[in-house]
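A short worksheet on the structure shown next.
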Amino acid sequence: MADKRKRRRADSDSDDESIRLPFKNRLKPDSVILDTLKTLTELTKSSSSSKTLTLADLSLSSTCREVTDLPLSSVQNKILTLALSLTKSILAGNGFSFSVPSRAATNQLYVPELDRIVLKDKSSVRPYASVSTVRKTTITTRILSLIHQLSLKNIHVTKRDLFYTDVKLFQDQTQSDAVLDDVSCILGCTRSSLNVVAAEKGVVVGRLMFSDNGDMIDCTKMGIGGKAIPPNIDRVGDMSSDALFILLVEKDAAYMRLAEDRFYNRFPCIIVTAKGQPDVATRLFLRKMKMELKLPVLALVDSDPYGLKILSVYGCGSKNMSYDSANLTTPDIKWLGVRPSDLDKYKIPEQCRLPMSEQDIKTGKDLLEEDFVKKNPGWVEELTLMVKSKQKAEIQALSTFGFQYLSEVYLPLKLQQQDWL
């Protein structure tokens, strides 16, 4: 009799758990999921052995430009050569102007073979003797002067430091930041070659070891907060890992949940986030991990147009920095979740879904017109569903089933089913 009561109680507890944690009963043993991940990792490593295509390998109808990493001595020489040509122009009585590669949307090109956005070769003239461009020309000259000083001293500064060298001229940091990108294009070098970095933003935790300026870092021993991604990628080296995949997370809250639950120990992985919009350092770091460790990258973003936009910046590049897409993009990122179809599939309650604003819907429709979205039928299907349903949801909507539902059920089930695009 007592045994029957125990069995009934155990059955009741099991039923309660399946109600609290929907679909948990569909999970197979971790060993089965790990075998699936090992197969994915092996496939990724075998495909990574083939030669990576570059712009030079393609015969494009449009001429495109790309920047490269340059040593400080080359940056100095380019600035001096530019200054000399400007001086000659002034002495000849022609004044001076900069030929600046256009970073306008009309000068961008998506190259399907490379699966990234590149910059075409159209340029605009920025003369000093014009009321409309005199201020921007002055800012460009000032930034070039500051970059030359940095190269001579071989020191790094943040974009904020650069702005505060002449607040009255720059007025707003967005203006000095924009001209800094222009200067990269003019000189034909990456922004990191200019020794100007952004403040630390991204973090990484999990099964990764690397050296940071000579110090060995073990990312399994960095606590819940993880290790801040160095703003200067040149400091990073000697990467090693026993992970099976890299998990790219959009939000800090989801990252903290996974880090605290030590998700990377249950399923060996490296977890990385830029806490929202991707910054240059995180994009460079993600690419370095992917290329050196040859691991698959799975992305966890919000189910809204901006989540997909963030994913596309990591994978295909941003239009603002298309001139450096070769160094900033990570190929073959798989969209793991949260996808619009997951809202019904995982029975996310209506009260946890948000109505899309008119701007959200417009952004979604605009994304459907992008070539990098059209290339992936799965993305088109998911985005069309989102726009049609006019519903969005954050990763945190999964917390309706429990704060650990993300790490205990949702992600393991996604991995088990190989449910990624």
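Placed from the backbone N, Cα and C atoms, the Cβ positions cover glycine too.
Listed in TrEMBL for this protein:
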- TYR164: active site, nucleophile (ACT_SITE)
- TYR164: active site, O-(5'-phospho-DNA)-tyrosine intermediate (ACT_SITE)
- GLU250, ASP302: Mg(2+) binding site (BINDING)
- 135-196: domain 'Spo11/DNA topoisomerase VI subunit A N-terminal' (DOMAIN)
- 245-415: domain 'Topoisomerase 6 subunit A/Spo11 TOPRIM' (DOMAIN)
- 1-20: region 'Disordered' (REGION)
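Between the candidate binding-site residues, GLU250, ASP302, the densest Cβ environment within 10 Å is the one around GLU250. Between the C-alpha atoms of GLU250 (Mg(2+) binding site) and TYR164 (active site, nucleophile), the distance comes to 30 Å. Taking the C-alpha positions, the distance from TYR164 (active site, nucleophile) to ASP302 (Mg(2+) binding site) comes to 35 Å. Around TYR164 (active site, nucleophile), taking its Cβ as the centre, 12 other Cβ atoms fall within 10 Å, counting all chains.
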